[in-house]
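Only one structure is covered here, and it is reproduced in the block below.
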Amino acid sequence: QRRVYRTTTHVPQELGQIMDSETFEKSRLYQLDKSTFSFWSGLYSEVEGTMILLCGGIPFLWKLSGQIAGRAGFGPEYEIVQSLVFLLLATLFSAVTGLPWSLYNTFVIEEKHGFNQQTLGFFFKDAIKKFVVTQCILLPVTSLLLYIIKIGGDYFFIYAWLFTLVVSLVLVTIYADYIAPLFDKFIPLPEGELKQQIETMAKSIDFPLTKVYVVEGSKRSSHSNAYFYGFFKNKRIVLFDTLLEDYSALNKEPAEGEDGENEETKSKTKNKKQGCKNEEVLAVLGHELGHWKLGHTVKNIIISQMNSFLCFFLFAVLIGQKELFAAFGFYDTQPTLIGLMIIFQFIFSPYNEVLSFCLTVLSRRFEFQADAFAKELGKAKDLYSALIKLNKDNLGFPVSDWIFSMWHYSHPPLLERLQALKDAKQE
């Protein structure tokens with residue numbers, strides 16, 4: 001794929017009608033930079049993980065956690081307390097070692113290509129807030145899971161699976177209402193033509209829409225997005241302001257009264273991200289609602305929970321194998337949290353790769369089906385133009401190596417999606 005980025009320097013003939021040479025070159029350089037970053041950050045991650053294993057980092061951190069818990073008055077019999085200390089230290093280590101990579105990605109790559117909207121202060125405030133919120137969720141959930149495994153008897157894997165199912169459903173339910181607003185501002189979409197059209201479209205397919213929000217995504221990035229959430233009769237739609245031509249901060253004109261513009265302002269105005277017109281936003285939402293109408297969301301949940309149950313069952317089969325713990329440096333003890341880490345993170349790794357590929361193939365199939373659903377709603381022409389705009393706004397590179405695309409792309413390549421929409425568009 002890197003060879004494709006390096007050598008495809010001119011717009012292919014089949015793309016001539018949908019992408020100009022300037023945008024093509026910008027997207028090529030952006031994706032090349034992202035590819036380079038992904039290679040080095042991935043290599044570092046592999047080296048770090050290997051060194052932790054070879055140098056006994058996991059048993060060392062477990063021993064350190066026991067010492068910290070002991071100083072607080074919790075002896076070896078308080079395994080869950082030691083597990084929580086271990087988890088806190090491990091996530092803190094991961095956050096610290098990942099910080100330079102995150103900073104480079106945000107303030108070098110994303111900044112260089114015009115996507116970053118964050119200040120350094122905002123970035124660190126955001127990172128600290130994310131870490132704190134994550135711990136507030138992760139530590140209580142983990143302690144309860146470990147307790148259920150301890151007292152669950154022979155069928156603990158069933159109770160553990162049911163617990164994680166309930167937790168995941170609760171988190172999905174409360175995320176957008178209580179967690180996401182801690183990081184971004186959500187405002188109801190004002191009354192007007194767009195809101196009325198969205199409500200009319202939702203009603204036409206029996207989508208139980210209750211609210212439509214606009215989120216200020218432009219505070220951190222100029223990338224675009226839209227999604228829906230909620231269970232049963234309480235569905236909400238969230239639109240990023242960068243998706244909407246009328247709301248994007250990047251489309252705002254300079255304040256009146258300024259005597260001219262400096263070169264930087266002119267440059268930003270010239271290259272500003274346009275977003276989508278109302279008809280194109282409706283087409284994008286028609287695609288997203290297609291996922292709901294065709295049952296893709298429910299199917300993904302079922303697949304996820306079937307996989308989760310299988311993993312807990314296999315965990316129950318393997319947890320008694322002392323050789324597994326010994327291989328990772330635990331010769332005298334078999335802590336439950338360490339068993340979860342060994343089995344889920346390492347033993348299941350090959351299986352997870354195969355599963356990930358299968359889910360990628362399924363996702364691409366779902367995307368084509370959702371596009372076809374939007375086409376049936378009469379949105380083919382607008383979805384066609386919206387996909388081109390979104391690809392341009394996000395600097396997506398439309399040329400890809402077929403093997404790389406097959407393995408990594410959860411969405412079909414742009415040209416394949418446009419081709420599927422083309423006949424209806426021409427009609």
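The backbone N, Cα and C atoms fix where each Cβ goes, glycine too.
As recorded in TrEMBL:
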- 1-185: domain 'CAAX prenyl protease 1 N-terminal' (DOMAIN)
- 37-60: transmembrane segment (TRANSMEM)
- 80-104: transmembrane segment (TRANSMEM)
- 131-149: transmembrane segment (TRANSMEM)
- 155-176: transmembrane segment (TRANSMEM)
- 188-423: domain 'Peptidase M48' (DOMAIN)
- 253-273: region 'Disordered' (REGION)
- H287, H291, E367: Zn(2+) binding site (BINDING)
- E288: active site (ACT_SITE)
- 309-331: transmembrane segment (TRANSMEM)
- 337-362: transmembrane segment (TRANSMEM)
- D371: active site, proton donor (ACT_SITE)
Other than H287, H291, E367 themselves, what residues in this chain have Cβ atoms within 8 Å of the centroid of the Zn(2+) site's Cβ atoms?
E288, G290, H296, F366, Q369, A370, D371, F373, A374
Quick one: mean pLDDT on the domain 'CAAX prenyl protease 1 N-terminal' (1-185)?
92
Residue among the recorded positions E288, E367, D371 whose Cβ has the most other Cβ atoms within 10 Å:
D371
Distance from D371 (active site, proton donor) back to the residue listed as 'active site', taken between C-alpha atoms, in Å:
9
Cα-Cα separation of H291 (Zn(2+) binding site) and D371 (active site, proton donor), in Å?
9
Between the residue listed as 'active site, proton donor' and H287 (Zn(2+) binding site), the C-alpha gap once rounded to whole angstrom:
5
